[in-house]
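What TrEMBL says about this protein:
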BINDING   Ala90, Glu106, Glu110, Glu158  Mg(2+) binding site
DOMAIN    49-192  domain 'Nudix hydrolase'
MOTIF     91-113  motif 'Nudix box'
Amino acid sequence: MDRSFDETAVEIFERTTLHDDWMRVDRFRLRHRRFAGGWTGALDREIMVRGEIAVVLPYDPVRDEIVLVEQFRLPTFVGGGDAWQVEPVAGMVDPGEDSPAAARRELAEEAGLSCSALVKACRYFPSPGGNTQVMDFFVARVDASRAGGLFGMEHEDEDIQVRVLPVETALALLDAGRFQGGPMLIALLWLARHRERLRAEWLDPEGTGG
């Protein structure tokens with residue numbers, strides 16, 4: 001889809017860092033072009049500045065199962081959601097690391113798994129109204145029979161339980177509104193749309209139909 005404007009339609013007058021600890025918050029003064037013509041007045045906006053995340057949905061095409069992780073999430077607890085969220089594997093891309101390497105590393109750290117194939121599904125901004133964070137979403141081919149147990153990096157106080165679900169069960173839970181996190185919703189909706197193609201590619205790569 002064609003975009004209405006490019007980067008020349010935005011002018012940044014000032015940028016100030018207000019907070020820089022576990023998360024960074026910057027304040028901007030800017031203006032941008034209007035759809036009807038002309039420019040907005042000077043706008044003051046604050047955003048969280050975060051890095052790149054690799055999100056991985058481990059999928060076993062033989063067993064037709066996915067591997068998920070459950071862990072405590074303070075924002076959903078404070079916001080009135082479920083404090084313990086069931087999610088895909090995910091983590092920050094380290095400096096000097098690319099997102100596929102981060103995906104494989106996080107898969108080992110959070111779920112104790114390796115993958116025999118890794119497919120990049122999409123790249124998206126989970127909260128474009130207030131956060132620069134961008135997510136690269138992958139689907140990893142795994143052996144789900146090896147999944148289970150407790151994982152997480154001790155020095156980060158991670159406490160993660162691995163869960164294995166049949167895809168049909170996960171999709172039924174999705175339809176029932178049991179999942180609340182954006183990456184989880186996107187992962188399952190993508191899998192629902194592409195699952196049969198992915199199974200065919202992974203189970204019958206020569207296209208023999210056998």
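Even glycines carry a Cβ here, placed using N, Cα and C.
Remember, TrEMBL labels are computer predictions, not curated facts.
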Worksheet item: DSSP three-state call for Glu158 (Mg(2+) binding site): helix, strand or coil?
Response: coil
Worksheet entry | The one of Glu106, Glu110, Glu158 whose CB sees the fewest other CB atoms within 10 Å, among these binding-site residues | Glu158
Discussion item. I need the neighbours of the Mg(2+) site defined by Ala90, Glu106, Glu110, Glu158. Which other residues of that chain put their C-beta within 8 angstroms of the C-beta centroid, in sequence order?
Written reply: Val69, Val89, Gly91, Glu109, Ala111, Phe151, Gly152, Ile160
Practice prompt. Report, as a single number, how many Cβ atoms besides its own are within 10 Å of the Cβ of Ala90 (Mg(2+) binding site).
Written response: 22
Response to the item:
What DSSP reports for the motif 'Nudix box' (91-113) is 13 helix, 2 strand, 8 coil
Practice prompt. Take every residue in the motif 'Nudix box' (91-113), average their pLDDT values, and give the whole-number result.
Written response: 96
Response to the item:
Taking DSSP H, G, I as helix and E, B as strand, the domain 'Nudix hydrolase' (49-192) contains 44 helix, 53 strand, 47 coil
